[in-house]
2 protein chains.
Amino acid sequence: MALRVGVVGGGQLARMMVPAAVELGLDIRVLAEGPDMSASIAATAEGDHRDAATVLAFARDVDVLTFDHEHVPQDVLRALVEAGVAVHPGPDALAVAQDKIVMRTRLTGLGVPVPDWAVVHDADELRAFLGEHGGRAVVKTPRGGYDGKGVRVVDDPSDVDDWFLAVAEAGADQALLVEELVPFTRELAQSVARRPSGEVVAWPLVETVQRDGVCAEVIAPAPGSAGRLADAAESLAVRIAEELGVTGVLAVELFETDDERILVNELAMRPHNTGHWSIDGATTSQFEQHLRAVLDLPLGATGMHAPAAVMVNVLGGPADGDLAGRYPAALAAFPEAKYHFYGKAPRPGRKVGHVTVTGSDVDDVVYRARAAAAHFDD
Amino acid sequence: MALRVGVVGGGQLARMMVPAAVELGLDIRVLAEGPDMSASIAATAEGDHRDAATVLAFARDVDVLTFDHEHVPQDVLRALVEAGVAVHPGPDALAVAQDKIVMRTRLTGLGVPVPDWAVVHDADELRAFLGEHGGRAVVKTPRGGYDGKGVRVVDDPSDVDDWFLAVAEAGADQALLVEELVPFTRELAQSVARRPSGEVVAWPLVETVQRDGVCAEVIAPAPGSAGRLADAAESLAVRIAEELGVTGVLAVELFETDDERILVNELAMRPHNTGHWSIDGATTSQFEQHLRAVLDLPLGATGMHAPAAVMVNVLGGPADGDLAGRYPAALAAFPEAKYHFYGKAPRPGRKVGHVTVTGSDVDDVVYRARAAAAHFDD
């Protein structure tokens, strides 16, 4: 009988696990939030991932449970483990990804380089941090943020008055995270995969380009990173995966500073936008690897098909909603590009797909990937 | 709204279209023969492909209808076209793939090189053919054969007494096909894809190794084929696709003779076992290309990721039926191999999966692909 993987959440990450599962002969089942989700083709149940009974019922018929996102509450995760479900990544690891204050605390405890940070409960504490960091800083809500949401650059505590109000109402243990504005030269991301029995593999370090807090482009490998920088990023990500006991894919978002240091920005314990290039550019994609890892199967090779791979997100899509109407021109113009769409309706700023191009010359590959993706702009 | 492709038949070819459809953002729907078919993840209906009402009902909600196999009867195909369904490949093209006598007649009419052949209705006619061809020949039933079924090498008409009996009972218009035993040095296959508006693209010519009439290995590109041989095969396949009006993938199985001629053995108007290497070895797989072609979308690039790709079929599988139990050793031994399984229970001789390896040195790639696949032998 085929190995059975259950995925909580029906978004595009679960969707992109489907091809890998089908090819590897796995039985993939998705607990979707509702009908017409990205991963509906594999949905065998619909329900709320915050409800323990729903998730327990879904998990009954799978060999391992994994996730499209990091939002399953700790009490649900603990109930699954107590019921004997193999949960990967596990609750202890996920706790670090679920709360940015926990994440900063753990990474600092491990001696991992991170931006200066503090927990702030009110305007006075934030004002003090601003005073020590040149008058500007980044404030983050510890939970629920993604794609730039829950993140604000502030130069006065009043910029986050609404958040402090929410914190005060929510209770004494609530707070915000404040971090220095790192003078970075570029952003990087290092993905690794780790399986329960200990094996860890890494993909090449990549450069990521963010626009409005959202990942717009990824270049693999990060130009000029071979050697010391790539080695440092890989060692760092491997150590974080091991110390936190991460199983499955771990993506580590990094800042590279002008004095050639790397600081950890964020962690994601699942396949991540910065690894989508691997579907078309690496021997083993992050989605196949995640499935292998959570099933504790030996991990696949991560070498690249070509010297360079560039992924460009399709953000928003055409205003008329007709993505398919753009296929003929795009596919004709760039027959070598790999087009990916997530079954999501176009909406301003929404990630509805991505395009990957591989080749020898990185500038040429960047040009072609951008031009191919631009066919789907409004 | 996503473009909708309906696939008649739920076998492994339909299954392998699913990853390509999911990635390209297509809505794929399968009319399966029953539950637990290879392509069940995409099954939206179950029923008999020989029943016009069943197929018409399934086709109502799709933009284009295509096939996992060539067995949909002509009257059903004609009814679909009359009902306004876009059917690719269409009835006229499929008629040539459905009947080996029609195929030989059409190819001969086009001046395409084929083995000597004849239609024989009884033992006397077969004896005459044997007398003119060294006393041995290949007899084929015109319909329903695959993977060596419906094919016999004979040196006496009595070897196919049972078939002549069936022919006599079936009616006056029935007959068998007899062909010369071609003294071939090796077997080759040339796949192309053609879309309704006329564009045709080809993959590299491949060498195929058959065992007991079943495809066992495929080497891409066919060693030593660059230049004249590859050009001749491509021209031939393109011409056949155009002359027969094939839409979607056309696979042309070829014999290479010791005097460097190529003769057409069989045609398949669908993705074919000899093209499975393209999933992991080419920019555009035969499954993605088939979907693009039947939707009349521009076709994708067919270049290879590496100088050589070798596919080895997993035939039969372990006697205990536990394919998944072989994953740990296989995946650990060859982390660079791509493993594909079709959700089919192991059974002697049955195609249950395949393994593809790519690389620079063809001998090394052949060795690794065979060794990786051998992990799943009984």
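Every residue gets a Cβ built from N, Cα and C, even glycine.
Unlike curated entries, TrEMBL annotations are predicted automatically.
Not measured: the values here are computed from a predicted model.
Marked as ATP binding site by TrEMBL: B:K100, B:K140, B:E179, B:E180, B:L181, B:V182, B:E187, B:N265, B:E266. Sequence annotations record features per position, and here TrEMBL assigns domain 'ATP-grasp' to B:104-295.
All features noted in TrEMBL, drawn onto the structure.
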| residue | record | Cβ contacts under 8 Å, 6 or more apart |
| --- | --- | --- |
| B:E179 | ATP binding site | B:R104, B:P115, B:D116, B:W117, B:A137, B:V138, B:K140 |
| B:L181 | ATP binding site | B:H133, B:G134, B:R136, B:A137, B:V138, B:V153 |
| B:E187 | ATP binding site | B:E207, B:T208, B:V209, B:Q210, B:E253, B:L254, B:F255, B:E256, B:N265 |
| B:E266 | ATP binding site | B:K100, B:M103, B:V252, B:E253 |
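Within 10 Å of the C-beta of B:K100 (ATP binding site) there are 23 other C-beta atoms, taking all protein chains into account. A helical conformation is recorded for B:K100 (ATP binding site) in the three-state DSSP classification. Note on the domain 'ATP-grasp' (B:104-295): mean pLDDT across this stretch is 95.
Take B:K100, B:K140, B:E179, B:E180, B:L181, B:V182, B:E187, B:N265, B:E266, the residues named in the record as contacts for ATP: the widest Cα to Cα gap among them comes to 19 Å.
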